[in-house]
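**Q** Below are the structure tokens for one structure; questions will follow.
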Amino acid sequence: MIIKVPATSANLGPGFDSVGIAVTKYLEIEVLEERDDWYVEHTLENVPSDHHNLLIQTALRLAPDIKPHHILMRSDIPLARGLGSSSSVIVAGIELANQLAKLELSMDRKFAIATEIEGHPDNVAPAIFGQLVIASQLDNQLDYIRAPFPEASLLAFIPNYELKTSDSRDALPKHLSYKQAVAASSIANLAIAALLKGDMEKAGRAIENDLFHELYRQRLVKEFHSIKQISKKSGAYATYLSGAGPTVMILCPHEKVEGIFQELTDLSLDGLLERLQIDEKGLQVLF
């Protein structure tokens, strides 16, 4: 059995802590033989290989009595880069418990559990459902809308350095004025409406006009300004920080992607530039 979970890119500018897309990088968990103790085989640095691994901790939270197994973990989702690496592990852990303990959890229940563990829905929602997901968590009320993402190409610049979510959150202001909040909300409303309508020109402008977080976080990613400037000049719809950063995501017309890719490659930035696509399936279990 293989559990497959996509990477995710959250916020999309003004959709702070509530909007995300699933993209084509993956965590795969292969469940092998039973053992006396848990063994998670992987090649990641500073990640536990025993029951302290987040995958196993999540599974045991739901089903404490499941039998230990040899688990093979494969992932091309980089850690601490704003692509939902921890969310993918949490979602995989929930599915691991669901399969081994035969819990028969609905997708909505998996989403609720993942949101409770993660603390916010913006990454776990697209990791589970795929595509574009807009979600809201207010007290005990959790709602979401899944929608197809408009036609666009994606480029991701993944820096060779980490940016911890805690550091990125520390850069945010403690309060927004009422006037600022109204303006930020109107921008977010337009961004979502344009995405649902398939109007990437208007969506792109709204994404880049975010007032909730990018103004304060851009300085933490030294490449952001030059990437945004070149991408816009070359015809991109929008450039935004993926999640808490430092990954920078570019949305562009299909016919512009190769030109933008080459322009950014010529900058010789310290990181990896990748072409990505929207993942449409979300969480998968392969037998």
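Cβ atoms are placed via backbone N, Cα and C, with glycine included.
Features from Swiss-Prot:
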BINDING   Pro78, Leu79, Ala80, Arg81, Gly82, Leu83, Gly84, Ser85, Ser86, Ser87, Ser88  ATP binding site
**Q** Tell me which residues of the chain lie with their Cβ under 8 angstroms from that of Gly84 (ATP binding site), as long as they are six or more apart in sequence?
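**A** Same-chain residues close to Gly84 (ATP binding site) (Cβ under 8 Å, separated by 6 or more) are Ala7, Thr8, Ser9, Ala10, Gly20, Ile77, Asn123, Val124, Pro126, Ala127, Gly243.
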**Q** Enumerate the residues of the same chain, Pro78, Leu79, Ala80, Arg81, Gly82, Leu83, Gly84, Ser85, Ser86, Ser87, Ser88 excluded, that satisfy the criterion Cβ within 8 A of the mean position of the Cβ atoms of the recorded ATP site; list them in sequence order.
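**A** Same chain, not in Pro78, Leu79, Ala80, Arg81, Gly82, Leu83, Gly84, Ser85, Ser86, Ser87, Ser88, Cβ within 8 Å: Ala7, Ile77, Gly243.
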**Q** Which Cβ among the binding-site residues (Ser86, Ser88) has the fewest C-beta neighbours inside 10 Å?
**A** Ser86
**Q** Could you check the binding-site residues Pro78, Gly82 and say which one's CB has the fewest neighbouring CB atoms inside 10 Å?
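**A** Among the binding-site residues Pro78, Gly82, the lowest count of other Cβ atoms within 10 Å belongs to Pro78.
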